[in-house]
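Only one structure is covered here, and it is reproduced in the block below.
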Ligand code: ADE
């Protein structure tokens, strides 16, 4: 039984897109996961197969009709046990904890919006989670869906080599990763930090930990204060819907 991605979209040709390449692509070929699309347009109404209408209350843009969205959902035959996710900048931020939950189940049903959005009654009545991939606005939910699927597929059993699965675990303490260096030891006049050439594994581990802490403090004050709170013995704090241990960064 493979992990099943079902995507409701006006642009089915966008899938699997980049996920047909590399690790995800190989896993797709090997049947570790599958990617089905349901064309929203096929459920549109009238001669023009209209999927949207003007918003009640006025305002710019168009809204996807609940009856059309529901017909597309029914056609997917995605069971009620499969999480239903609508990608929208109005959603709660996607966190690694969500990705783990999705990857651990039988699959996901993703609804990609265009225009102003989808009628809220449909989302509520059909138990659709609303998820955002970040505080910026994309032209549609398709690229967000690809991001979510990429994050899930890499966690499926057998998709990544054991080496990379290990990496996921070793950075699950809520800090950003330390920087990396490789040969040549001097490049364009720039040297590699000396400690990394010392062969002193304890010193290297201390340096990397310090770098991880400094980078997190500078770049992600939100993660940093949560990490400090945890370190100081407070109860685990939630960050973006995930516990720090779930972040895997
Ligand atoms: N659709 C448009 N912008 C989006 C975002 N930031 N996240 C998820 N879906 C979106």
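Keep in mind that glycine also has a Cβ here, set from the backbone N, Cα and C atoms.
Fair warning: this is a prediction, and the values are worked out from it, not measured in the lab.
Record features (TrEMBL):
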BINDING   113, 133, 134, 135, 136, 137, 138  S-adenosyl-L-methionine binding site
DOMAIN    5-225  domain 'tRNA methyltransferase TRMD/TRM10-type'
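Distribution of TrEMBL features across the structure.
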residue: 113; record: S-adenosyl-L-methionine binding site; CB count, 10 Å: 26
residue: 133; record: S-adenosyl-L-methionine binding site; CB count, 10 Å: 20
residue: 134; record: S-adenosyl-L-methionine binding site; CB count, 10 Å: 11
residue: 135; record: S-adenosyl-L-methionine binding site; CB count, 10 Å: 7
residue: 136; record: S-adenosyl-L-methionine binding site; CB count, 10 Å: 7
residue: 137; record: S-adenosyl-L-methionine binding site; CB count, 10 Å: 9
residue: 138; record: S-adenosyl-L-methionine binding site; CB count, 10 Å: 17
